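Colleague: These came from TrEMBL, pasted as-is:
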type: DOMAIN; residues: 44-139; note: domain 'MRH'
type: REGION; residues: 138-178; note: region 'Disordered'
type: COMPBIAS; residues: 154-165; note: compositional bias 'Low complexity'
type: COMPBIAS; residues: 168-178; note: compositional bias 'Basic and acidic residues'
């Protein structure tokens with residue numbers, strides 16, 4: 001009877017983990033990763049920032065935390081602020097003593113690598129994380145995905161025209177030699 005109970009407990013635990021994985025996948029499928037899914041590559045990437053007293057960590061589209069001797073939950077990704085896809089909100093963090101639930105406003109700016117460059121607390125229990133990332137850098141003119149294909153087609157067409165021009169020059173040289 002004990003081995004049957006152990007087998008049942010193992011199976012229940014495995015089922016629970018699979019169900020949790022399915023919920024996580026469904027959550028990610030329903031997320032707004034910005035235009036052309038620009039931010040999908042950053043999902044679940046985590047970054048730390050240490051100041052003199054605390055270590056702040058954030059997993060993009062996940063959770064934000066503050067730790068020193070113990071960990072404090074600052075919030076969970078709740079959405080984008082505005083239409084520019086450069087400010088994320090993390091809400092529902094641990095309640096402050098005599099204050100609101102903690103929250104994080106993550107402001108992104110263009111940078112060569114993805115990293116937190118500062119963390120401040122402009123209002124009680126409302127944190128401002130500044131993150132640099134190439135994901136918000138403007139794409140230079142003519143370097144969009146569709147444009148690359150068009151450029152390749154133009155180059156191929158130009159190459160074909162150059163080949164025809166060379167063939168024509170060779171024919172006229174041969175004609176001149178005759």
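Heads up, residue numbers simply count up from 1 along the chain you see.
Keep in mind that glycine also has a Cβ here, set from the backbone N, Cα and C atoms.
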Colleague: Count up the helix, strand and coil residues in the domain 'MRH' (44-139) according to DSSP, in that order.
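Modeller: Its residues divide into 3 helix, 58 strand, 35 coil.
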Colleague: Could you tell me the mean pLDDT the prediction assigns to the domain 'MRH' (44-139)?
Modeller: 93
